[in-house]
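Structure, as structure tokens:
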């Protein structure tokens, strides 16, 4: 039995190798995506690290809800303080405690900029500062600012509602002294600030508050316990960092990144040149590198043992595609620091719910974050030179001078390797693909054409100029139009299936994303194979594979134009995967062109074929009888004539059965001439036969049959890895955004588009795949399509998330519960509640969200927020001395609450809280038209707010910072307020502590009676709001 080439371009090998290679790529991708690397045992960890200890700390932190506006928050804060002291004592690390805060960096910056810049940053340094730490217990810093709700971290122009905000922070942070840091309490010296615009230190940040409906195990307890382990590691003997490290445990992140803003008043602000922000936007799983500020920071992350992330996420944040906010925005965009955002990101169904607990996460997840944080922090603390020191790229002198940054591209490979390079390098690569590769292909084409071996787009060849002479058919255009037709057909079916799914059951991706993947991949594979295999069966072509590669190259070239513009003009690196795909397509097409060097020249082939036919005809006539044939007689036909038994091919003359065109009927002259030649010439030798595949062009027999596997290995692995990884991350990031008010179409459509890109590397070879694979996938499509259309989208492990708030309006005497979510499922939740089952529920569009708000009466479940107090007794409001026509001076208090809102009946043009800082322009601009809402926070529940409201646009008593900003933005018009025009102020105070059963009976009822496939989270900062309007 003859041995068959296992890599021949035949249905068996092609079906086997393409399937095996795709499975070998996809299965590890899914495994890496769905699992977390196992944590090492405590004995094998670096000295100073202990995962058992970290897990116990996490259980302690997440034992109860601990939002900023709760008593449990104070318990967690004290626990962190006690644990840091315990760790320092255990490691015999000397430490001191500071209560400094509230540094006015605007005044200090002005001072620094006027100082002599010739000072040597090392003047007061000693050779090596001894080990030590300083604990900063900041109960001083407070922040006042105005901002637009459309751009909470913006500076000037935005659409939305303008608000004022006042926050009193209570951050806690530990400064681990570095070897190169100056001696003493340098943060108390003005000149020391100047020096620390040198090398600087590293800021590592977490927030220890949770939302009011979540225990905060992943968001953000795991980050905080990781930082406790970093403290243990870096304070051991012999582990002192070169540059100092600041471990910041900030508070009230969940309420608007408030703790990070308060750190803007820390004396260590300009000391920290770099940062590592640890966050949790999911519940367990792997910690992804959400984003970095630059290429150099991405290179620092490369030290992580299990890197995970992509620059696509960073671009999505920059362009507003991902709307989640983290402290990264404050550190990078406002303070000007350089660093990274490492965060858990899935599953969002548990995010901000009561399943964000230790039961739904693992030690492995702690280790994944801890190992990345440790590697990045250690590397940041070791870097010297100008990498993170020196003049800034943007030239802003008021921000930390941490060097010039470069834009980068980064991504992981199977969660084990980290690729990082400059964006300019990617742009250069794109330009090379746009310019050099077409020239190379043109050059090869020219050489082939000169050698008469370029069979693409070839026309038929006429051997003689006789008008009656039929040409030799080469079939050079066969297969040219198949790819665009198949791509449009298969792509349309794939997109149509996602659109149909988005119309009837879009949320199925919430719980069954792999069923959606299976549907989109199988329909594209089958429909593309159907067209290509059918076309190949009807009109076989050896140029089929090459033409597909030409089309892929042309499409990729157009996509590279878009990519190059995005990279150069928009500074977007998210299209990096297309560069790898286009490079692979170019190399595969290059091989297809090189294959044609193995062929005969087109005219040589035509001549050889022509001569072979003539010789065969002459040989056959030479064996005829020697009698002289008459013109009207038909010559005898030799037995076994191959022309009678062979089927017609593209090389058979079109008039083969006519006299003089290959038929056995000849003219008398021709017969006499051929017979005479046969009589005097020996029989010609038999031409060597190169058999083409099936009925493809006869010249193609010389083409090598094994080069396809090289092309496939170039085309498939790298693009499939890159697009597959991006698709899986996009799946996890987007699949549960529908219940948050996100688009219901985008998640399923994204999977459809990624499926097409995943299978593009297979398209040049799919016509040789046997029917077994596509028919199996057709069955897969049928099953998954039906399942996706009819299955219920939620389950106990993938719960429908909705938003809750109870509002007690003392003016109207109403007590209502607001349920915000997708209306169909929100109504199902409300119907399950005894108190609301008989009510007529009204739903309307929710403010600020693409969701519906459903209200029901909850007067039978009135909240018990303060023991022995009714809602009417919770808020105190009074006007104090100093109130006049241009200024209102108010005192507000709320029992056992840290938060109240003020909403005025007419615009105000400034506000100030007694004892508070002036407005900070770093956190937002100021509207010329004024604003009507103020949010007030306090750290001490027993101390009321005394607020000054500036009512006149040009009030001389107005805060200077407000007045100056207004003069810059205003139109100069004067607004005169009548003394008898009363100002109405609506006070809304919030309560968020739901740890004690019975405090919020309406929430207790929800948790008890709602379906198991539903999960409740907070609608606003407060679970309960009490409202009352007062006249000033």
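The backbone N, Cα and C atoms fix where each Cβ goes, and this holds for glycine too.
Note: residue 219 (Zn(2+) 1 binding site) has non-local neighbours 210, 211, 254, 279, 280, 281, 282, 283, 344, 351, 352, 356, i.e. same-chain residues 6+ apart with C-beta under 8 A of its own C-beta. Per Swiss-Prot, the feature Zn(2+) 1 binding site maps to 207, 219, 279; the stated evidence is similarity to another entry.
Summarising the annotation, Swiss-Prot assigns Zn(2+) 2 binding site to 219, 254, 352 and lists similarity to another entry as the type of evidence. In the three-state DSSP scheme, residue 352 (Zn(2+) 2 binding site) falls into the coil class.
Annotation source Swiss-Prot lists compositional bias 'Basic and acidic residues' at 616-631.
Positions annotated as compositional bias 'Acidic residues' by Swiss-Prot: 632-649.
Annotated region 'Disordered' per Swiss-Prot: 616-666, in sequence order.
For residue 351 (site 'Transition state stabilizer'), the Cβ neighbour count at a 10 Å cut-off comes to 25, with all displayed protein chains included. If you look up Swiss-Prot, you'll see 351 marked as site 'Transition state stabilizer', on the strength of similarity to another entry.
Residues or ranges marked as topological domain 'Cytoplasmic' in Swiss-Prot (evidence: similarity to another entry): 1-11 (among others).
Taken from Swiss-Prot, the feature topological domain 'Vacuolar' covers 33-426 (among others), and the record attributes it to similarity to another entry.
Per Swiss-Prot, topological domain 'Cytoplasmic' is recorded for 448-482 (among others), and the stated evidence type is similarity to another entry.
Feature annotation from Swiss-Prot assigns topological domain 'Vacuolar' to 504-511 (among others); the stated evidence is similarity to another entry. Here the topological domain 'Vacuolar' (504-511) has a mean pLDDT of 97 out of 100.
Long-range neighbours of the topological domain 'Cytoplasmic' (533-545) within the same chain, counting only residues 6 or more positions beyond its ends whose Cβ lies under 8 Å from a Cβ of the stretch, are 9, 455-456, 475-476, 478-480, 482, 486, 592, 692-697, 699-700, 703, 708, 711, 764-769, 771, 774. The annotation topological domain 'Cytoplasmic' is assigned in Swiss-Prot to 533-545 (among others).
The topological domain 'Vacuolar' annotation in Swiss-Prot covers 567-573 (among others) and is backed by similarity to another entry.
Taken from Swiss-Prot, the feature topological domain 'Cytoplasmic' applies to 595-708 (among others).
Each residue in the topological domain 'Vacuolar' (730-745) gets a DSSP state, and the totals come to 9 helix, 0 strand, 7 coil. Annotation source Swiss-Prot lists topological domain 'Vacuolar' at 730-745 (among others).
Among the features that Swiss-Prot reports, topological domain 'Cytoplasmic' is placed at 767-773 (among others). Taking DSSP states H, G and I as helix and E and B as strand, the topological domain 'Cytoplasmic' (767-773) has 4 helix, 0 strand, 3 coil.
The topological domain 'Vacuolar' feature in Swiss-Prot is assigned to 795-1032 (among others); the stated evidence is similarity to another entry.
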>> List every residue in the same chain as residue 207 (Zn(2+) 1 binding site), at least 6 positions away in sequence, whose Cβ is under 8 Å from its Cβ.
In response: 220, 223, 224, 249, 250, 251, 252, 253, 254, 259, 260, 279, 327
>> Can you break down the topological domain 'Cytoplasmic' (533-545) into helix, strand and coil residue counts using DSSP?
In response: 8 helix, 0 strand, 5 coil
> Just going by other Cβ atoms within 10 Å, which of the binding-site residues 254, 279 has the emptiest spot?
Replying inline: 254
>> Counting CB pairs under 8 Å, which listed stretch among 546-566, 709-729, 746-766 touches the transmembrane segment (574-594) the most?
In response: 546-566
>> Should anything in the same chain at least six residues away from the topological domain 'Vacuolar' (567-573) have a Cβ under 8 Å from its Cβ atoms, list it; otherwise answer none.
In response: 311, 315, 319, 407-409, 423, 426-427, 430
> Residues near the Zn(2+) 2 site, 219, 254, 352 excluded, by Cβ within 8 Å of the Cβ center?
Replying inline: 210, 211, 214, 216, 220, 280, 351, 356
>> Suppose we draw a 10 Å sphere around the Cβ of residue 352 (Zn(2+) 2 binding site). How many other Cβ atoms does it contain, all chains included?
In response: 24
> Helix, strand or coil: which one is residue 219 (Zn(2+) 1 binding site) in, per DSSP?
Replying inline: helix
>> Take the mean position of the Cβ atoms of 207, 219, 279, the recorded Zn(2+) 1 site. Which other residues of that chain put their Cβ within 8 Å of it?
In response: 206, 216, 220, 223, 253, 254, 278, 280, 281, 326, 327, 343
> Which of the three DSSP-derived classes (helix, strand, coil) applies to residue 207 (Zn(2+) 1 binding site)?
Replying inline: strand
